[in-house]
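J.: Next up is a structure, given as structure tokens.
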Amino acid sequence: MPDKDASTPRVFLIRHGETEWSMSGQYTGKTDIPLTAHGEEQVASTAKFMYGPGRLIDPAKVAKVFVSPRKRAVRTYELLSGSKEGFETTESLAEWDYGQYEGMKTKAIRELRKSHGLDQDREWDIWRDGCEDGEYVFPLPLSTFFQKKTAKIDFHL
């Protein structure tokens, strides 16, 4: 029986494994930190059921692979695929620049913003308020932000 989905384009977005900062709740964007040992274990265990012949991601059916240039993302791909080849890095997939919030935790960001006269009547929310001097600044709609981030990838497909 033919594979009904063989000609259907698919896009998989895979998040990197755990890092020290993701474990502690710190915002991580441009800082290039590695996976923890546990993060590597997460990816390896996911790869067993997700990646390989006849699995959700069958390498024989993959046309193109784009990966953030951050070492945590590259290592995630390497562990998932079992290869150090077959992908293209692109800044379009790099996590956004958190500006002065990079490496900070939510509580500290909220305190900093209040000291800047912001959010006096509500708590900071990254999806609503963005980052003061980072890449995503409110009120740019998130849909517009993500369209700009992925436009270069669309060009390559």
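Cβ atoms are placed via backbone N, Cα and C, with glycine included.
So TrEMBL says this about it:
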type: ACT_SITE; residues: His16; note: active site, tele-phosphohistidine intermediate
type: ACT_SITE; residues: Glu95; note: active site, proton donor/acceptor
type: BINDING; residues: Thr28, Gly29, Arg72, Glu95, Trp96, Asp97, Tyr98; note: substrate binding site
J.: Do you know offhand how many angstrom separate the residue listed as 'active site, tele-phosphohistidine intermediate' and Arg72 (substrate binding site) by C-alpha?
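T.: Between the alpha carbons of the residue listed as 'active site, tele-phosphohistidine intermediate' and Arg72 (substrate binding site) there are 6 Å.
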J.: Over all pairs in Thr28, Gly29, Arg72, Glu95, Trp96, Asp97, Tyr98, the listed substrate binding residues, work out the largest Cα-Cα distance in Å.
T.: 17
J.: Of the binding-site residues listed here (Thr28, Gly29, Arg72), which is spatially closest to Glu95 (active site, proton donor/acceptor) when Cα positions are compared?
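T.: Out of the listed candidates, the nearest Cα belongs to Gly29.
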J.: When a 10 Å sphere is centred on the Cβ of Tyr98 (substrate binding site), how many other Cβ atoms does it contain?
T.: 24
J.: What three-state class does DSSP give Gly29 (substrate binding site)?
T.: coil
J.: Out of His16, Thr28, Glu95, Asp97, give me whichever of these recorded positions has the highest number of other Cβ atoms within 10 Å.
T.: His16
J.: What other residues of the same chain, not counting Thr28, Gly29, Arg72, Glu95, Trp96, Asp97, Tyr98, have a CB atom within 8 A of the CB centroid of the substrate site?
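T.: My list of surrounding residues reads Tyr27, Lys30, Thr31, Arg70, Ala94, Glu102.
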